[in-house]
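Here it is, the structure in full.
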Amino acid sequence: MTLHLSVVAFAVQALCLQLATPGVLAKTGDTVFDYVVVGGGNAGLTVASRLSEDPAVQVAVIEAGDFYEIATGNQSQIPANDALYNGKSSNATNPLVEWGFMTTPQAGVNGQSVHYGRGKALGGCTALNYMAYQRPTVGALERWAETVGDDSWTFDSVLSYYKRSLNFTPPDMHKRIANATPSYDMPTLGTDGPLALTYPNYAQPFSTWLAKGMEEAGIPNIPGFTSGHLNGSGWLVHTIDQTTGFRESSEVAFLTPFIRRPNLALYKKTLAEKILFRNNTATGVRVASANNTFVLSARREVIVSAGTFQSPQLLLVSGVGPADLLKAHDIKVVANRPGVGQNMNDHVFFGLAHKVNVQTSTSLSNPAVYAEAVQQFRNEQDGPLASPGGDYAAFERVPDELRANFSQSTGHDVGSLPSDWPEIQYFSLPAYVGDFWNPGAGGPTDGNYATIMATLVAPMSRGNVSISSSSMHDAPLINPNWLTEKTDVEVAIAAFKRVRQIFGTNVLQKNLTVGSEYYPGNKVSTDDEIYRFIQAAFQTMYHASSTCKMGKHDDEMAVVDSRGHVYGTRHLRVVDASVFPFLPPALPQGTVYMVAEKIADDIKSRR
């Protein structure tokens, strides 16, 4: 999760993997397919790839972006570049691969309007994300199954779908240092799927010490984060190809190897403008590409996988959503579903930083150190550029001594969660990021600095996504509503104090940290000062979900049923993070792959 922008501006030509546009791409013009998939991201390419395994089925994929390896000179492939477009400033974007969305002003964080990174490329957000792979707890998925009224969503029931995507490779301990040996639960990890998963070929020295600090702080090591149990600490497994050292996105895993299938048509640099209906039956999608507008018709289904912001936006401009909102924009109502765009969940985090006596990403601002790192990655696929930075993590429920400070309402909120659902996740970040407005700029230059990030993984605040017009060419209105619930504020304050406790462990004080806390420093100590610091220094984890939430038929706010069908319509499904009934603990990319595998299997079994 290297956020030092001087690091990412290196000469990628030396590392460039030449990727010609494969296959014969689809031509513009009205065409008929069995399935039309909107969105070539995490879920969309997984679904399209699985459906097109049947040569008798014709599948089209619509993607507004291009191959990110071509669009950015392969910068996105290098693991250390995982946070290229993740600052809060509107300047932290690249229109070739990222939408450049800004949120509406956020009351919970002093009115800040924040850049919210979203992939505009084949691979979607898997072309930009931090690559770490985790799964929710058993209890969280039990709650999912109860919420949607379908026991096929319990952890044991979906484990095979989690595994189906994966091609796990054990860590290369010839390249990783000896005290960075991960433990993992091999029976939960698939080895026959298309998606490469492994531990990076370089372990951050800061993380090796943090592992010891976590143990001293009472957070024990556990065998990975894939077994349905999260409370504990461990090395993170990532969607990285161990052989090349490169990012493994859904494009690399689910599209490129199969692009020459004659029954799979790719419409890249093409925007889905509207879902077309006959009465309430989806019949196709109107698209725009290079000043041409045409229709891709679907004999069987339209599958929307445009992401947590644009899936609800596309439904809304097509007539599926709250009737009052649709009428206000002169949109014909196909199905009055008040939940479209509502119920947005997200994870936020913030960090405290110290100067440390081991090499971190801040050292890469030294030209000689940086040049050596480039050679290491080019020749051996290891070294600092081979690591996403955030390579160690820990989960816990807030300890009792901090929990005692919770108000009655906060105690009730966190007490309503399943017993195995943690409230906080910590990340190792061997870099200085400050308040995220311009990560990497204006930070200290007198040595190595590192940050422990604290993430709220049981947020109670809920936001929404809406529209400003009837056109997909206009950005959606994104209102995450971060830190508007008292519970989130109190848990965040506890998390801040807990990070100080971890940095204050004997093992870190004696062996790692140099001097006192650098950021924010001892000027922040009271609960009110901590709260104000968090408001200024927070950042989203880019885990927005649940804006087309899955639910029971009698839940008026549910948008899809447990098989992804959009209520009030026929032949229309949504398959991406927007259908999560809520955002479970753990990083979501693994669960998005699981959802896509499960619903693709449902489609194939019923046709």
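For all residues, glycine too, the Cβ spot is worked out from N, Cα and C.
Note that TrEMBL annotation is computational and uncurated.
Marked as signal peptide by TrEMBL: 1-26. Residues or ranges marked as domain 'Glucose-methanol-choline oxidoreductase N-terminal' by TrEMBL: 307-321. Feature annotation from TrEMBL assigns FAD binding site to PRO588, GLN589.
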Starting from the Cβ of PRO588 (FAD binding site), draw a 10 Å sphere and report how many other Cβ atoms land inside it.
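PRO588 (FAD binding site) is surrounded by 28 other Cβ atoms within 10 Å.
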Specify the count of other C-beta atoms within 10 Å of the C-beta of GLN589 (FAD binding site).
25
Going by DSSP assignments with H, G and I as helix and E and B as strand, what are the residue counts for the domain 'Glucose-methanol-choline oxidoreductase N-terminal' (307-321)?
11 helix, 2 strand, 2 coil
DSSP three-state call for PRO588 (FAD binding site): helix, strand or coil?
coil
